[in-house]
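First comes the structure, then the notes that go with it.
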Amino acid sequence: MAHLSLYCLLSVSLLQLVASSGVFELKVHSFSTTRRFCRRTRDCNIFFRICLKHSEDVISAEPPCTFGTGQTSVLRADQSSIASSAAIRVPFHFKWPGTFSLIIEAWNAESPKEHHDYTENQNNLISRLATRRRLAVGEDWSQDVHFGDQSELRYSYHVFCDEFYFGEACSDYCRPRDDTLGHYTCDENGNKECLVGWQGDYCSDPICSSDCSERHGYCESPGECKCRLGWQGPSCSECVHYPGCLHGTCSQPWQCVCKEGWGGLFCNQDLNYCTNHKPCANGATCTNTGQGSYTCTCRPGFGGTNCELEINECDCNPCKNGGSCNDLENDYSCTCPQGFYGKNCEIIAMTCADDPCFNGGTCEEKFTGGYVCRCPPTFTGSNCEKRLDRCSHKPCANGGECVDLGASALCRCRPGFSGSRCETNIDDCARYPCQNAGTCQDGINDYTCTCTLGFTGKNCSLRADACLTNPCLHGGTCFTHFSGPVCQCVPGFMGSTCEFPVQASLEKMAPRVGQTSPSAVAVSCVLGVLAVFLGVCVGLVVLRRRRHRLRRQQLCDSVFNDLETVNNLDRQHYPYDRDFSQVKPCNTEGRISLAASHTLPAGQEFLWSAGGGLR
């Protein structure tokens, strides 16, 4: 068994299974033996079986037949010989190795029945021969003869490739096709020969038209030329311009390289407008200014954007002193009235004897001829015929009104300005209009006061009434303090605006008479502790206020910054503090402390803010 396993492994290792196919054929031409295997009275039936194996140094008749096996049909034979038989075919599906071992056996069939295994009885074996041969693939038959001890066998064999297989080992597969997988035929050696219009290893690549660009074109069938994205033209050699490009070229897709004389993103701006359009008429000179613009320099006598208009030189009234103008080609002439001459009738032919100066002007003769008028201060002109307007140059600033007085000009200033030309803004804060330490900001004929805390009005002369908005809730009484409103709450309420009820909360917390439940006892204990805590807090607050009052009294007994001011105020200045008789302001660290002697009515007390100040 071990020998058989090793034999099988060796057989498999020698066989190179590939996609190949072929046929081994063997023909028995004659067989004779000295042994008698037939009865004398009749002919016998025999058949031949072959076993094709890989090449072995010592040929074993034992299976397996690694390359394949085959046998003839049952043949009729005479007493000791047999004539030729049909070929035995052994197909194989591997790469033909070129060497092989061959075992040929002759068997007695006992009867002419075909489908019966006569090899189970070794007594039916007539002869067996084994040989090792080298055989190349081809259609030619190899003749061979084998001489045994008592037999002679003549036979021939060959190996040829199956259809669609080629090569020395029948390992080259080539099947002609004309579909999506290829378009080719096969030559005698199994090489693919592409059909017309196809190329490539599998003849699956169509051959495009001869002028089709290899880089920018492609085809799906022979003779076509389809362009890739960004290219166009019959041969796909023209790049596609940027969309909207008018006068540009490209070397790569989506470019817009402007041609000479054109510019802009889309090459739609004519940079050489003069050459391309010649817009200037009448011999004018055209100059490109870029971005499709130009200017025309006109010849004398012409005007307009394109010099298309002929200018009448008389339109500008060049003739002076009442002369009449005559238009000429690119020129003019003046017909001067009596007493004037020159190109524009600008030269006066009159003399001082003609009394040419008006409005009191003085005439003086000139050595070169003619005269000159010396005008009085309020007139001007060659003959002092024009009245001089001294307000024409607008001498008054800041909206001042100019009044021409003849020899001079007068400026009437707007309210808030002064000066000969109204150039000075009057300082409206110079007279200190802001009261009660307010800060003044000058404006134009106006001022603005920034009032200190507790005062209001245009000049900060009015006390601010912080109680106008009625901030105190639940019947609280409002008092005006310089720091804002102060609320005196009625019993049962507390807070800066008397917004928190006090008695209602305590009534809800107090237990009803006659209830002795454990929860009531617990609430009573809590209320007792809370009452003790509140009493301690109230005592501390009262003690702190007394100390603060004493400290303020000590501070107000002194005069800070070496300044003491005593103000005796009447009732109308302090309507809210009627009985003040003396106020001492003391300045310390930017704060104001007030000490006052005051007689309070019965049942009334001072109110103090959280900072300790009088409210």
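Keep in mind that glycine also has a Cβ here, set from the backbone N, Cα and C atoms.
Sequence-distant contacts of CYS194 (disulfide bond), defined as residues of its own chain at least six apart whose C-beta falls under 8 angstroms from its C-beta, comprise HIS183, TYR184, GLY200, CYS203. The disulfide bond annotation in Swiss-Prot covers CYS194-CYS203 (among others).
Annotation source Swiss-Prot lists disulfide bond at CYS208-CYS219 (among others), citing similarity to another entry. Remark: CYS208 (disulfide bond) has GLY217, TYR218, CYS219, PRO222, GLY223, GLU224, CYS225 as non-local neighbours, by Cβ distance under 8 Å and separation of at least 6 in sequence. Classification of CYS208 (disulfide bond) by DSSP places it in coil, neither helical nor stranded.
Positions annotated as disulfide bond by Swiss-Prot, on the basis of similarity to another entry: CYS280-CYS296 (among others). Secondary structure at CYS280 (disulfide bond), as computed by DSSP, is coil.
Listed in sequence order, CYS325, ASN326, ASP327, TYR332 are the same-chain residues six or more apart from CYS314 (disulfide bond) with CB atoms under 8 A from its CB. As annotated by Swiss-Prot, disulfide bond applies to CYS314-CYS325 (among others), with the evidence given as similarity to another entry.
CYS334 (disulfide bond) falls within a strand segment according to DSSP. In sequence order, PRO318, CYS319, LYS320, GLY323, SER324, CYS325, ASN326, GLY342, LYS343, ASN344, CYS345 are the residues of the chain that are 6 or more apart from CYS334 (disulfide bond) and have a CB within less than 8 Å of its CB. Taken from Swiss-Prot, the feature disulfide bond applies to CYS319-CYS334 (among others).
Every protein chain considered, the tally of other Cβ atoms within 10 Å of the Cβ of CYS352 (disulfide bond) stands at 16. DSSP assigns CYS352 (disulfide bond) to a helix. According to Swiss-Prot, the disulfide bond annotation covers CYS352-CYS363 (among others), on the basis of similarity to another entry.
Counting every protein chain shown, 22 other Cβ atoms lie within 10 Å of the Cβ of CYS384 (disulfide bond). Under the DSSP three-state reduction, CYS384 (disulfide bond) is assigned to coil, being neither helix nor strand. Positions annotated as disulfide bond by Swiss-Prot, on the basis of similarity to another entry: CYS375-CYS384 (among others).
For CYS440 (disulfide bond), the number of other Cβ atoms no farther than 10 Å from its own Cβ, over all displayed protein chains, is 19. Classification of CYS440 (disulfide bond) by DSSP places it within a strand. Residues annotated as disulfide bond in Swiss-Prot, with similarity to another entry given as evidence: CYS429-CYS440 (among others).
Residues or ranges marked as disulfide bond in Swiss-Prot (evidence: similarity to another entry): CYS434-CYS449 (among others). In three-state terms derived from DSSP, CYS449 (disulfide bond) belongs to an extended strand segment.
Among the features that Swiss-Prot reports, disulfide bond is placed at CYS451-CYS460 (among others), with the record citing similarity to another entry. Residues within less than 8 Å, Cβ to Cβ, of CYS460 (disulfide bond) and separated from it by at least 6 positions along the same chain comprise CYS434, GLN435, ASN436, ALA437, GLY438, CYS449, CYS451, THR452.
Residues or ranges marked as disulfide bond by Swiss-Prot: CYS467-CYS478 (among others). The Cβ neighbour count for CYS467 (disulfide bond), using a 10 Å radius over every protein chain in view, is 18. DSSP assigns CYS467 (disulfide bond) to coil in the three-state reduction, placing it in neither a helix nor a strand.
According to Swiss-Prot, the disulfide bond annotation covers CYS489-CYS498 (among others). CYS498 (disulfide bond): 22 other CB atoms within 10 A of its CB, across all protein chains.
Here the domain 'EGF-like 3' (270-308) has, by DSSP, the following mix of helix, strand and coil residues: 5 helix, 14 strand, 20 coil. Summarising the annotation, Swiss-Prot assigns domain 'EGF-like 3' to 270-308 and lists sequence analysis as the type of evidence.
A Cβ distance under 8 Å defines the sequence-distant neighbours of the domain 'EGF-like 5' (348-385), meaning residues of its chain 6+ beyond its ends; these are 321, 338-341, 406-407. Sequence annotations record features per position, and here Swiss-Prot assigns domain 'EGF-like 5' to 348-385 based on sequence analysis.
Taken from Swiss-Prot, the feature domain 'EGF-like 6' applies to 387-423, supported by sequence analysis.
Per Swiss-Prot, the feature N-linked glycosylation site maps to ASN459; the stated evidence is sequence analysis. There are 17 other CB atoms within 10 A of the CB of ASN459 (N-linked glycosylation site), with all protein chains counted. ASN459 (N-linked glycosylation site) carries neither a helix nor a strand DSSP state and counts as coil.
Among the disulfide-bonded residues CYS296, CYS352, CYS363, CYS478, the ones whose Cα sits within 10 Å of the Cα of CYS489 (disulfide bond) are CYS478, in sequence order.
Taking the disulfide-bonded residues CYS219, CYS363, CYS449 in turn and counting surrounding C-beta atoms within 10 angstroms, the largest count is reached at CYS449. In the three-state DSSP assignment, the secondary structure recorded for CYS363 (disulfide bond) is strand. Of all the Cβ atoms in the protein chains shown, 21 others lie within 10 Å of the Cβ of CYS375 (disulfide bond). It is 9 Å from the Cα atom of ASN459 (N-linked glycosylation site) to that of CYS440 (disulfide bond).
In the three-state DSSP classification, CYS498 (disulfide bond) falls within coil.
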